[in-house]
Amino acid sequence: MGAAGDAAIGRESRELMSAADVGRTISRIAHQIIEKTALDDPVGPDAPRVVLLGIPTRGVTLANRLAGNITEYSGIHVGHGALDITLYRDDLMIKPPRPLASTSIPAGGIDDALVILVDDVLYSGRSVRSALDALRDVGRPRAVQLAVLVDRGHRELPLRADYVGKNVPTSRSESVHVRLREHDGRDGVVISR
């Protein structure tokens, strides 16, 4: 977040994750994906084609970083892209209009692939539900998993993440802000009231 984002965080805030913590966490999630999806044995019978799709905005950046780490650690190129959920949200009439983001699906599409949705914060689960609806219009994956940097609880839908960087118990009056250098000039996670 830039200066405006910093001002929106408010006076009562504390750092949950430093830049180094964010880097280590993304690295750990990448290793977990490699192990859980059998990417470390890409010719094995259970090794699926894996596609990472980020939910805009910061989920896309996280998907890009995860894909880079997975390639670095395993030598396997993982397709990655973005999945715009704007028109699938259930709060379109409640919240102010937002610009459409773009959906970019890697070559080969998502049919029969293991799609891992990537987001920065898992809260109510409504963004993930919107992503599942959007995904249905893009193709038919073999399976769908979810990776998040922060899980703050307070689910309103029966969803859970397969890969979680950090579980952070919060109150509903608190906000979790993920900062990524590509958008905010630095990495970090802050909680505020």
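Backbone N, Cα and C define each Cβ position, glycine as well.
Copied over from Swiss-Prot:
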- Thr57, Arg58, Arg98, Asp119, Asp120, Val121, Leu122, Tyr123, Ser124, Gly125, Arg126, Ser127, Arg152, Val176: substrate binding site (BINDING)
- 115-127: motif 'PRPP-binding' (MOTIF)
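Annotation: Arg152 carries the greatest number of neighbouring Cβ atoms among the binding-site residues Arg126, Arg152 [cut-off 10 Å, Cβ to Cβ].
Counting every protein chain shown, the number of other Cβ atoms lying within 10 Å of the Cβ of Asp120 (substrate binding site) is 23. Secondary structure from DSSP puts Arg126 (substrate binding site) in a helix. Mapped onto three states, the DSSP output places Thr57 (substrate binding site) in coil.
Long-range Cβ proximity for Thr57 (substrate binding site), meaning a same-chain Cβ under 8 A and a gap of 6 or more residues, is found for Ala101, His183. Confidence annotation: the motif 'PRPP-binding' (115-127) carries a mean pLDDT of 97 in the model. Annotation note: Asp120 (substrate binding site) sits in a strand segment as assigned by DSSP.
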